[in-house]
Amino acid sequence: MPGKMKTMDGNTAAAYVSYAFTDVTAIYPITPSTPMAESVDEWAAQGKKNLFGQTVKIMEMQSESGAAGAIHGALQAGALATTYTASQGLLLMTPNMYKIAGELLPAVFHVSARALATNSLNIFGDHQDSYAVRHTGCAMLAESSVQQVMDLAAVAHLTAIKGRIPFINFFDGFRTSHEIQKIEVLDYEDLAHLLDRDAVARFRQNALHPDHPVVRGTAQNPDIYFQEREASNKFYMALPEMVESYMAKISALTGREYHLFNYYGAPDAGRMIIAMGSVCETIQETVDYLNARGEKVGVLTVHLYRPFSLKHFFKYIPKSVSNIAVLDRTKEPGSLAEPLYLDVKSAFYNSDWRPVIVGGRYALGGKDILPSHIISIFDNLAAERPRDGFTVGINDDVTFTSLPLSDRDIDTSSSGTTACKFWGLGSDGTVGANKSAIKIIGDKTDMYAQAYFAYDSKKSGGVTMSHLRFGHNPIRSPYLIDKADFISCSQQSYVNKYHLLAGLKPGGTFLLNCSWDVAELDEKLPVAMKRYIAANDIQFYIVNAVGIAQKLGLGGRFNMIMQSAFFKLADIIPLTRAVEYLKQSIEHAYGNKGQKIVDMNNLAVDSGIESVVKISVPQAWKHLEDKVVSPKKLPAFIKDILIPMNRQEGDSLPVSIFDGIEDGTFPSGTSAYEKRGVAINVPVWQTDKCTQCNQCAFICPHAAIRPVLISEEERQNAPAGFSAKRASGTEDAWYRLAVSPLDCSGCGNCADVCPVKGKALSMQPLESQEHEIELWEYALSLTPKANPQNKFTVKGSQFEQPLLEFSGACGGCGETPYAKLVTQLFGDRMMIANATGCSSIWGASAPSIPYTTNHKGQGPTWANSLFEDNAEFGLGMLLGVDAIRDTLATQVKAALDNAPDVPLDAELSACLSDWLANKDQGEGTRERAEKVGDTSGFANAREKSRTPTVSMPHRDYLANGSHWIFGGDGWAYDIGFGGLDHVLASGKDVNVLVFDTEVYSNTGGQSSKSTPAAAIAQFACKKTRKKDLGMMAMSYGYVYVAQIAMGADKNQTLRAIAEAEAYPGPSLIIAYAACINHGLRIGMGCSQREARRAVEAGYWANYRYHPELKEAGKNPFILDSEEPEEDFQAFLAGEVRYSSLKKLYPEFAEFLFKKTEDDARERLEGYKKLASS
């Protein structure tokens, strides 16, 4: 019988099925698998029952390795156990997977398959991770669509239990895991009928228990190990028939036909593609298109990849097939070919059938694969000598592996399908609104629906594109929309940056959010856009969603205005019903944030419908001619890579563009060329009110506001409007607070922290400040001035150039101000090892690199290894540098010792002696290095080769580097804690900066061991106290430790950073960082104020532990925080992560709130005792 139809994504489908068969799950967040664990956690908290009448027991672990170990233990104890992971997380589970398979335990690993980090990190889908564990002994089952995930995930669980073999159930990350489809949901009652209860009983009876004790995991010798390994063969031999049997039962239940290998296409096909994953849906769609035009082609979809059953493989391939292409979504450098291709060739080697077989790679790292690419593959198979070892979807103009793109103009989508594309900005709500819209269409109508959301890695402020399809036929199009019926754009600045209307069909609809009135459109819209609108009879509408949102008090969240306008224009369902459904979705999405938020969004829906304006398109637009613009002279990287990528044209870049940077090396300072212009309002300097305190620049997350010192001559030559005032503290300079409107995120923290009554900064609309762009560029062009202040003061630090600028961090980010400050103090000699996480994403999302250089070309050098090994990676960087500097010191010492025999220039000798005596000192190291390099004696010695004083390869190491290890609390408190502890214990001179947001910010806000009790994170509510990382580090006695909160005490922040860097040993700085995941009721524009509130309420304490004070006979612990004066519970109520607990779990909210306060008070009392001892 047909089941209930529901709109959901692949992750939800996998979670739904897995919940039914799971007693215990151990989890760890990693993109894109995290939503599976979140759903299971949410259902468990709601009391949802599995097939055994129990709620699932869920435990968040410190790493994926820990999660695999925990489910291994649960399985041995007789509990059915499941976990969810991807990419590097899956690799961390590998050792346990061998054990679980070897011990014949029925685990299921649900994997949203994702690229592995190689020359770069990539969070998007391919099969590198899944292929990497094919040798573990786990069975492997692959799905191609959301519906298949629902159906076949059940097969994985059922067969694992019956067959005693663990399963890796995998599907494409993002493309399937996050694609929303209307699917049929399996009923738990039907699944219960399929479950082999006797097999469950046997499994439980075989569990470890002291009532029937056995020993497992012995150490075996060569005499028996081999034999016992071979003894498990029978389980693998029996498994394919079991899988086929359960697939037959699912097929009978659903009417959808499943086999280990599913063939689709012409029964007498001559050409066939073999593949697995979402590409099979695209191939099926293309097969229908080609066969309808007289060709004879087909596709074999692989479901059960391990064990690979030859019997079932040959059963479904038409005997007419003569040419086969095998597609692998992975790359194995140095191998003869990729895995599935080798398996297929091996299969045919064992038969009498000898078709032509070629293989190719496709869609690595989430690359889109289109029907036109599939046609290229079929065209290749039709060639007299089909190309082998090909790639598709790229232009490989270096090793020439790529197939030429088919020039056919095709549309393979189902007839009657409507395609809509929505351009948005990360954090503007466009994606969330479209998720609501597609669920309304899918759940409230009889139409099929599909949604997919494409976005970059920026934390917010990046481009998002929502792709929605709906129609009366099933949708098999797992690729981005290239021909749209409707296009919406939520950002007016995009009209000059992107080809917004590319692919909009003639007669299609275009909705633009803009503040321009009808008269201004002719001036503001680019010529090419106007011409396209007129020439293609585009129905053009505008709405001032930003203005409406601000009037309603919604700030930059205008998503519901745009969404209601969409429903009005798209005419999918009656408008009154659409409004009703939208308001229901608002209640569901924002209900826990308070009725006021709900009411404002309801008004936004009504306003969006009422405010849409249809534009009468002038016919003259058809004949407009493009203006000739002289191109700017730009660095090759910017011109050839950054600009095309930022125009969303990176897919078309050829392989040759990356010649010379194959190892993943990117130049510094590229973010300065982006000029994103994403702010709604930007700060405007009120010259007469400013006291020149520089606090606004100090806390700016994006370095978009800076104090500039100007000479009289520079002031006289300045452009009009370049106001300045006499600089305080110096007699011969003028002062200006420069603002970059196009680099500002518009958070407003600068205005919030301004101490002047009436404020020296006011937030004004971005478009009103276009004149500031030229003034900013002039300010940056001025000659750098010597700092007239002490750089270790708040004011003085801001006269140092920030070497972290214009990152993709969220507006109001609490992390970047700390990192930026460190670069201002030590950036010219910094080496940074950065853990994967938020700070690695805002720190190095290609092509935007915010770490930059000074006028001498010096700046932070930055690298990322992995999430789990960052401390060790940073230590390794230090050890490598130390080894080279030791060689350098040996050379210098030898030169000085040989001075009587080989006389040195007196100046050089003095400089070398000074350098050798102070080589490990940070302050003054640049000056000492430059003195050595600048002496005439050094030049002469090098020229005459009289001594190996400083060999050229080592000269860069004269200056002592400042070694920093950056990471978030998920790294420092959890997955990387073991390594961090070891590095701190080593006594080596490294500086660790932990951005403590108290959640896993990068994966969506899950709890870490830094999360206090009562905080609602994605994995439900935290019930245990916050780990005191600082106290743990202090126990060594020789680690410098500080807790800081910039918004509470800027001077203490500066002092701690300066002391930590100067300390000749390990240092740990734990920095409180407000985050969008906290849900600040005062908004992220007040994130610095929130840090102050945290300290004033006693939620957070600022302190420093300085081991050198102990050596001087003083107390090494200094508590910098004052006695709390603010209400602790009021502070908690000001953040949604706490306040929502009352709405969700009122029965124990007060208890946990009190526990959180008691924990904080106890922690603070402990600090007080340390400070007074």
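Just so you know, glycine gets a Cβ as well, placed from its N, Cα and C.
Annotation comment: Swiss-Prot describes 681-710 as domain '4Fe-4S ferredoxin-type 1', evidence class sequence analysis. The [4Fe-4S] cluster 1 binding site annotation in Swiss-Prot covers Cys690, Cys693, Cys696, Cys754. The [4Fe-4S] cluster 2 binding site annotation in Swiss-Prot covers Cys700, Cys744, Cys747, Cys750. Per Swiss-Prot, the feature domain '4Fe-4S ferredoxin-type 2' maps to 735-766. As annotated by Swiss-Prot, [4Fe-4S] cluster 3 binding site applies to Cys810, Cys813, Cys838, Cys1075. The annotation region 'Disordered' is assigned in Swiss-Prot to 922-946. What Swiss-Prot records for 922-933 is compositional bias 'Basic and acidic residues'.
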Discussion item. Using a 10 Å radius around each Cβ and all protein chains in view, which of these binding-site residues has the most neighbours: Cys693, Cys750?
Written reply: Cys750
Discussion item. Counting across all protein chains present, how many other Cβ atoms fall within 10 Å of the Cβ of Cys747 ([4Fe-4S] cluster 2 binding site)?
Written reply: 28
Worksheet item: Taking only the binding-site residues Cys690, Cys754, Cys813, Cys1075, which one has a CA atom nearest to the CA atom of Cys744 ([4Fe-4S] cluster 2 binding site)?
Response: Cys813
Fill in: Nearest of the binding-site residues (Cys690, Cys693, Cys750, Cys754) to Cys838 ([4Fe-4S] cluster 3 binding site), judged by Cα-Cα distance
Cys750
Discussion item. For the domain '4Fe-4S ferredoxin-type 1' (681-710), report the average pLDDT of the model, please.
Written reply: 97
Worksheet, complete the sentence: With Cys813 ([4Fe-4S] cluster 3 binding site) as reference and a Cα-Cα limit of 10 Å, the qualifying binding-site residues from Cys690, Cys693, Cys696, Cys750, Cys754 are none
Discussion item. Please report the distance from the Cα of Cys690 ([4Fe-4S] cluster 1 binding site) to the Cα of Cys750 ([4Fe-4S] cluster 2 binding site), rounded to the nearest angstrom.
Written reply: 12
Discussion item. Looking only at the compositional bias 'Basic and acidic residues' (922-933), how are its residues distributed among DSSP helix, strand and coil?
Written reply: 9 helix, 0 strand, 3 coil
Fill in: Cβ-based isolation winner (fewest other Cβ atoms within 10 Å) among the binding-site residues Cys754, Cys810, Cys838, Cys1075
Cys754
Worksheet, complete the sentence: If you measure between the CA atoms of Cys750 ([4Fe-4S] cluster 2 binding site) and Cys1075 ([4Fe-4S] cluster 3 binding site) and round to the nearest Å, you get 17
Item to complete: Just give me the nearest neighbour of Cys754 ([4Fe-4S] cluster 1 binding site) among the binding-site residues Cys700, Cys747, Cys810, Cys1075, Cα to Cα.
Response: Cys700
Item to complete: Identify, among the binding-site residues Cys690, Cys813, the residue whose Cβ has the fewest other Cβ atoms within 10 Å in this structure.
Response: Cys690
Worksheet, complete the sentence: CA pair Cys700 ([4Fe-4S] cluster 2 binding site) / Cys810 ([4Fe-4S] cluster 3 binding site), Å rounded to integer, equals 12
Worksheet item: Whose Cβ lies within 8 Å of the mean position of the Cβ atoms of Cys700, Cys744, Cys747, Cys750, the [4Fe-4S] cluster 2 site, other than those residues?
Response: Val682, Pro683, Cys696, Pro701, His702, Ala704, Ile705, Ser745, Gly746, Gly748, Asn749, Gly811
